[in-house]
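Annotation source Swiss-Prot lists signal peptide at 1-22, citing sequence analysis. As annotated by Swiss-Prot, disulfide bond applies to C45-C59, C52-C63, C58-C77, with the evidence given as similarity to another entry. Residues or ranges marked as site 'Critical for insecticidal activity' in Swiss-Prot (evidence: similarity to another entry): P51, N68, R76.
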Amino acid sequence: MNTATGVIALLVLATVIGCIEAEDTRADLQGGEAAEKVFRRSPTCIPSGQPCPYNENCCSQSCTFKENENGNTVKRCD
């Protein structure tokens, strides 16, 4: 077996193994167990003093406009 044939055989083997492993984590469009594994949300929140795009992401659940070091007004978590 020459080098080119060996490389092709390894690529085919890697593709087959990849397809078998991907079978375990494919998205379940019905909202079953696979969907819960793939689409998991982190329970982290934005600490106080950090910029906040939305109030619900702040640990304090509160976001107000404050002046930053440049003199601009930005929303920050309380």
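In case you wondered, yes, glycine gets a Cβ from its N, Cα and C as well.
Here the structure is a predicted model, which means the values were calculated and not measured.
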From recorded positions C45, C59, N68, C77, the one whose Cα lies nearest C52 (disulfide bond): C77
Neighbour tally for N68 (site 'Critical for insecticidal activity'), based on other Cβ positions within 10 Å of its Cβ: 10
Euclidean distance between Cα atoms of C58 (disulfide bond) and R76 (site 'Critical for insecticidal activity'), Å: 9
Spatially closest candidate among P51, N68, C77, the listed recorded positions, to C59 (disulfide bond) (Cα to Cα): C77
C58 (disulfide bond) to P51 (site 'Critical for insecticidal activity') - Cα separation in whole Å: 9
Secondary structure at C59 (disulfide bond), reduced by DSSP to three states: coil
Neighbourhood of C77 (disulfide bond), C-beta criterion under 8 angstroms, separation at least six: I46, P47, S48, G49, Q50, P51, C52, N57, C58, C59, S60, S62, C63
